[in-house]
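Step one of this worksheet: look at the structure below.
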Amino acid sequence: MTINVNPPVAADTTMQMGPQDYIRRSASSVPAPARQLEPVAKLIDVSKCIGCKACQSACLEWNDLREEVGVNTGVYDNPHDLTPNTFTLMRFTEWVNPETDNLEWLIRKDGCMHCADPGCLKACPAPGAIVQYSNGVVDFVKENCIGCGYCVKGCPFDIPRISKVDNRSYKCTLCSDRIAVGQGPACAKACPTKAIVFGTKEEMKAHAAERIEDLKSRGYSNAGLYDPPGVGGTHVMYVLHHADKPSIYAGLPDDPRISPLVEAWKGVTKYAGLALMGFAAAAGFVHMAVSGRNRVTVEDDEEARRLAERAPGAAPLDPSKEPSA
Amino acid sequence: MNMEISRRSFLKGAGAGVAVTTIGAFGFGEAEAAFVEGLRPYKLAGTTETRNTCPYCSVACGVVIYSKGDIEQGTAEAIHLEGDVDHPTNRGTLCPKGSALLDFIKADTRLMKPKVRRAGSNTFEEISWDEALDGIVRHMKDDRDANFIERNMDGVPVNRWTTTGFLAASATTNETAFLTYKAVRSAGMVAFDNQARV
Amino acid sequence: MTDGTMHGHNRPAPHVTKADIDRGDRLHVGREVIVDRYTKWARLNHWVTAISLILLALSGLALFHPSLFWLTNLFGGGQMTRMLHPWFGVVLFFSFAGLFIRFFRLNLPAREDAQWAARIGDVLKGNEEKLPEVGKYNAGQKFVFWAMSVLIMILIASGLGIWEEYFTQYLTIEQLRIAVLVHSIAAVAIICVWIIHVYAAFWVQGTLSAMTRGTVSGGWAWRHHRKWLRALAAYGKRDDRPDEPKS
Amino acid sequence: MTNSWTDIRNTDLVVIMGGNAAEAHPCGFKWVTEAKANRGAKLIVVDPRYTRSASVADYYAPIRQGSDIAFLLGVIKYCIDNDKVQWDYVNAFTNAAYLVKEGFTYQDGLFTGYDAEKREYDRATWDYQIGEDGYVLMDETLQDPRCVWNLLKEHIAIYTPEMVERICGTPKDKFLKVAEMISECSTPTKTMTSMYALGWTQHSKGSQNIRSMAMLQLILGNIGVRGGGMNALRGHSNIQGLTDIGLMSNLIPGYLNIPTEREVDYATYIGSRGFKPLRPNQVSYWQNYPKFFISFMKAMWGSAATPQNEFAYHYLPKLDLPAYDVLRAFEMMDQGQMHGYFCQGFNPLLSFPDRGKITRSLSKLKYLVVMDPLETETARFWENHGEFNDVDSASIQTEVYQLPTSCFAEDEGALVNSGRWLQWHWPAQNLPGEAKHDTWIMAQIHLRLKKLYQEEGGKFADPILNLHWPYADPGEPTADEIARELNGYAVETLRDPNDPTKVLVEAGQQVPGFAALRDDGSTAAGCWIYSGCYNQNGNNMARRDNSDPDATGAYLNWAFSWPANRRILYNRASADLDGKAWDPERKLIEWDGEKWAGYDVPDIPPTSNPREVGPFIMNPEGQSRLFSRGMMRDGPFPAHYEPFESPVVNVVAPAIRGNPVARVFESDRESFGDADEFPYAATSYRLTEHFHYWTKHVWVNAVLQPEFFVEISEALAEEKGIEKGGWCRVWNKRGSVHAKAVVTKRIQTLMCDGKPVHIVGIPLHWGFTGAAKNGMGPNSLTPFVGDANIETPEFKAFLVNIEPSNGPATA
């Protein structure tokens, strides 16, 4: 047989995804895309995850992120939170199952969920700073980001982080640059136990179903898929052994949705506000038209003069200044 | 051998395969412009891919090193590293250490020049390879000639050099290992060991 | 006979005191009666406040609604707008604080305010004779003053909270959401108040000169702030040199 | 590994004990998750800590470090008592029926023949009864009280579940659950795999830890089958290769031995290595020893190795001691008996026990040579780094050379994984700065030393002057050249013994495999077990065909696996006495009436009759050993001994401290501590974010796990007032370290022999060079004690004390 030293890895490296595939664009509108990309998803099987942080490592390397070397604070979570340079983070929870009284080490890979209904995009005031592709990828376009931090308030999962260095917002891109050439995200590729897998959302749901069946056979009767409807479903999903209580996994929201406050702010306030201001201005013009300006009359001036002259300490009148009757 | 077929063979059962969804499945049509707004250009375009093996544990995961430049010209430099999708053991995956190998290759503390620390000194000084190697073999010969045991009390030839020891590596190639074995044993060294125990 | 009878309709002249006038208010009786209403410093203070409020409105509106994002061009782009807006706010805050100290005394509620407000219809029709005599500020002006004061407090407080560069880390995301909502509502409100303020100044002829030259005509004072004028005539400094009063 | 990483997918039960695969070998652990997916396999983790492996286990049981033998013998007893034994396998493939010499006994924790002075056994009685025909006596009915099976039952009788709980601190119900799950694998259609690593080896009785599990696996019939086996995960990328090639004081490549000085000539040496079969028809493959030995000598000294000079037998050093292992080497340095030392990609200052002694020893050297791609603490042992390396540079007279070497990315050659695969790799970039390949450095050292001897003469220079150096560029041999040398080649043309006209291999050509090697000097091979890796077909280590017919996980055409491209050792044992697979679903090789064939390369001569030839061809018995004769220094059966530093006394033999024949130097005894002074049971380990002392140089890994810490239970933290994330001080007689405290539920207090035992976990990745925060490590605290058989330091079980503290004096 021939010895193949360097077989090709990614044959085709031309970008096959782009603005023509936007279905949403922050603070602006996009034409309906000519084609519909197959929805993709990253499935994170928490029950298979060994918390090795390969995903974090691969993410830092692929995205050329340079995080600071921190300190130990008595836990395995390092860095201690998502940062502009840490798009994904393993969160460790030592949980004693009240039913079995056994310790369970719950390890969840945190990062952008790529919501079908993205709160960040809804909140973003900068046109084109956040875009959503027809395959579900929600991406930040830093060139358009103004660093206002509205996306942070809009996100139901507390994901985006604003850089103090360049005042732009950062989060997991789902490796949009890899997906664009037909490869999966760096974290999914690296994951040693394939706790993170990537494919079409349909494939991922099917795979999740198998995993849930297996978990139930191993006694996890509440095993299930986390694809929260509150945000229209997500393109990053979890398989949880305790799907009945997501919040035990380092505060994964039980029922995430875009905050009503954000809805109010970006909804009624935005429109009612504009209307109100417009109305106020218009009212002025109408009033002016109807009642004309409020003018000072000659009588007013005379009254003023009389009052002034009769007042104590008034100077003797200068006849020459006496107005003619 | 056909890579595609071999990759597909990985899809059988198991989660491992699920990651290997091919480009077609994402519903892409014809190729578009190479650079598009908002997306980072694909950074591996135009790089050379070299198959290698992770130097850490004995799982010996296959890795692909992406480099720019030409090794024949002496200009090749690694710019990225990933798991080898075709490798039967790791199938493209890598652990947190393997995933960061590029920064092992490029570590700030990577050694670049031979150095010597003289007796009593509190610093290293750079020296040439010739100075280093000649200094080392001079030490070796002096020590060997002074302490080599040709025969034991019973007059049996034992040809033992016990006063200089050699601790062999654990991540060098078999080829380095055998060349080391030849050089060390031919000198009669017995205090010879490796990292098997730690 | 009283001024009242002289005037043809019988309204008792209100009791006025020295407290009804500000330092710097004075009467000039020359060919015309001229009244100093605002000092140089007061006017400067007002215009700084006015300008920063306008810049705030423009930069704020740019980030408030996509259709207004183009306004960021006035400030050199989105990043600059995001960076400048809070600083405008800081300027406004201190500048308005100055105005507040100057004006708040005569903006305290007075007996006639309720009556004045109750006749808002006549106010809008311009039926001044149906209104009570008011001091330096009428209830409407007082409303604008206090509305501005309260809204600016709200805006500065919520604004600091969502100032990404320095303060967001001290608040929870839920608090930030409240802050940003409150900030935008307050902003809408203050812009409306501002519109009223500007319109009133324009509608009531002879008002603008108060903030430009610093003076109003005696007639304007008699018509709109007669109580103030009486106080001024009774107790105020005056300057009757025949030459034109300097503004 | 007897099997391979990819074979683990075939198992029904994974037992991770004495290791932490998920943490230390994540990509290999993938195959555990595959087994779960493919076969619904279960995972059991037995460990002092609730590890990352435990986090995905089906069942976890705690155990006190250093008590594994008691646990495993307890499981063996459970299986025997409950008749969970694969009898056909045990009868056919083990020495259960062999009769053992009268006089062999075990009492008060000691076997027959102990010499307390020498700390050694006279192993004369540890052997079989041999009949007149020269073959062993056996009782296939297993009735004879002297047969191995009965001696074994007697030996393990004390290890009841209650005793296991008392020694190991494993709650009885948890132990029984584990034993029950394991025992189910005694059927031919269920297999269990054992995944272990330094958690078993780094003890004063490490070898016996592993033997205990090997015996259990034999009783369950799990050796030689798919999804079974004893799988040492191994630490470093080519530690298997370096061991194969014999870079050890007492080894010659391919597990041959360096002669001892008692073997005064070649005849004596080879005479003691007859390996005559102990039963009829057995292969006893070591009978070929002379072929491998002489081929090696030809590879070493070429034409200078002749029949006249016993193939240069005396060029080899002769040992006066069993081994000059690292512990002895540093002891010698400390005694001023060693003047020079080479560290090739090795960091002893952090790797070896009792750091204080290591620093002291290195300081007594005349010269130290460090070859490494990275900075190492060892190369800078003379440099003061405050608390992290508190030395007085001026007082250290050692001359230190630091040589920059290539790393994997610039290297070409083969690495051997733990599944014994020799995988070739290619260079991806050029050498940075003035760095050089290790091959160049070693060649230069040899050539320059040779030159000095040529010019000046000196002590016995022949082995140096005559070293075979057949490289195109002597100054820089290529990987390709050396790989060919390892495979072996014909020195003279090889002809078919039966038909001399038939040429098998032309002179100078590569030999096809080790079967072609000869003992007359007509062949040369650097490492016989590698023979076949680079033969007439070219470089088989570079093969990249990853097809796998019927998904057995064999990958026969991927790279090359020694020996003879065999993927599963003892694979003949995968079939019953008629040569039919124990489990038809997991067929490996089968006897078709004339020959063996299947998915793997048969481990026995392909035409050997299944009823005659045993699977364990390297043993003269042809069968495996439940009773290991005199092969191990500390007993033919494993027995429970406490670590040298243990929180409890040995309840089986209270008088005995540690392993009675473990490697201990008198000079180190006073540095041992006792439980009253140092009440806490410490253990050392790796973390998944780091690889030994290398990745602290990699900023990404430094980010993922930045700072040295120790792990303790909430109970101990409470008792000592140590705060989560706060500083604490851990110390014993050998040293003291400051560390951050990780207070965790994953470490629980164990009840051993009626008293609570607190465990202190100490990971080992920090030093004073690199990107991570400066820190210390366990080797400042670990005792200078070695395993009885292979001198592995006892890193996994020792005693410390702990208290809250401030941070290090200099951070």
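Every residue, even glycine, has its Cβ placed from backbone N, Cα and C.
Per TrEMBL, these features apply:
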DOMAIN    A:40-70  domain '4Fe-4S ferredoxin-type'
BINDING   A:Cys49, A:Cys52, A:Cys55, A:Cys191  [4Fe-4S] cluster 1 binding site
BINDING   A:Cys59, A:Cys172, A:Cys175, A:Cys187  [4Fe-4S] cluster 2 binding site
DOMAIN    A:103-135  domain '4Fe-4S ferredoxin-type'
BINDING   A:Cys112, A:Cys115, A:Cys120, A:Cys155  [4Fe-4S] cluster 3 binding site
BINDING   A:Cys124, A:Cys145, A:Cys148, A:Cys151  [4Fe-4S] cluster 4 binding site
DOMAIN    A:136-165  domain '4Fe-4S ferredoxin-type'
REGION    A:300-325  region 'Disordered'
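When the domain '4Fe-4S ferredoxin-type' (A:103-135) is classified with DSSP, helix, strand and coil residues number 5 helix, 13 strand, 15 coil. In this view, the densest Cβ surroundings among the binding-site residues A:Cys59, A:Cys155, A:Cys172, A:Cys191 belong to A:Cys191, judged by other Cβ atoms lying within 10 Å.
Secondary structure of the domain '4Fe-4S ferredoxin-type' (A:40-70) per DSSP, as helix, strand and coil residue counts: 9 helix, 6 strand, 16 coil.
For the recorded site, A:Cys187 ([4Fe-4S] cluster 2 binding site), the DSSP three-state label reads helix. Using a cut-off of under 8 A between C-beta atoms, the binding-site residues A:Cys49, A:Cys148, A:Cys175, A:Cys187, A:Cys191 that neighbour chain C are A:Cys148. Away from its own ends, the domain '4Fe-4S ferredoxin-type' (A:40-70) comes close to residues 76, 78-80, 83, 85-90, 92, 105-109, 114, 135-137, 172-175, 178-179, 184-201, 204-205, 207-208, 211, 215, 220, 223, 234-241, 249 of its chain (Cβ-Cβ under 8 Å, at least six residues beyond either end). Within 8 Å of the Cβ centroid of the [4Fe-4S] cluster 2 site, not counting the listed residues A:Cys59, A:Cys172, A:Cys175, A:Cys187, the chain contributes A:Cys55, A:Ala58, A:Trp62, A:Asn63, A:Phe87, A:Thr88, A:Gly111, A:Thr173, A:Leu174, A:Pro185, A:Ala186, A:Ala188. Checking the binding-site residues A:Cys52, A:Cys115, A:Cys151, A:Cys155, A:Cys172 against chain D with a Cβ-Cβ cut-off under 8 Å leaves A:Cys52. Within the same chain, the residues at least 6 positions away from A:Cys115 ([4Fe-4S] cluster 3 binding site) whose Cβ sits under 8 Å from its Cβ are A:Val138, A:Pro156, A:Val231, A:Gly232, A:Gly233, A:Thr234, A:His235, listed in sequence order.
Regional average pLDDT for the domain '4Fe-4S ferredoxin-type' (A:136-165) in the model is 96.
If you measure from the Cα atom of A:Cys148 ([4Fe-4S] cluster 4 binding site) to that of A:Cys49 ([4Fe-4S] cluster 1 binding site), you get 35 Å. Proximity to chain B (CB-CB distance below 8 Å) holds for A:Cys52 among the binding-site residues A:Cys52, A:Cys112, A:Cys172. Of the recorded residues, A:Cys124 ([4Fe-4S] cluster 4 binding site) and A:Cys52 ([4Fe-4S] cluster 1 binding site) place their C-alpha atoms 34 Å from one another.
Comparing CA positions across the binding-site residues A:Cys112, A:Cys151, A:Cys155, the one lying closest to A:Cys172 ([4Fe-4S] cluster 2 binding site) turns out to be A:Cys112. Checked against A:Cys191 ([4Fe-4S] cluster 1 binding site) by C-alpha proximity, the binding-site residues A:Cys59, A:Cys120, A:Cys151, A:Cys175 yield A:Cys59 as the nearest. Residues near A:Cys55 ([4Fe-4S] cluster 1 binding site) in space but far in sequence (CB under 8 A, at least 6 apart, same chain), listed by position: A:Thr88, A:Met90, A:Lys109, A:Ala186, A:Cys187, A:Ala188, A:Ala190, A:Cys191, A:Ile196.
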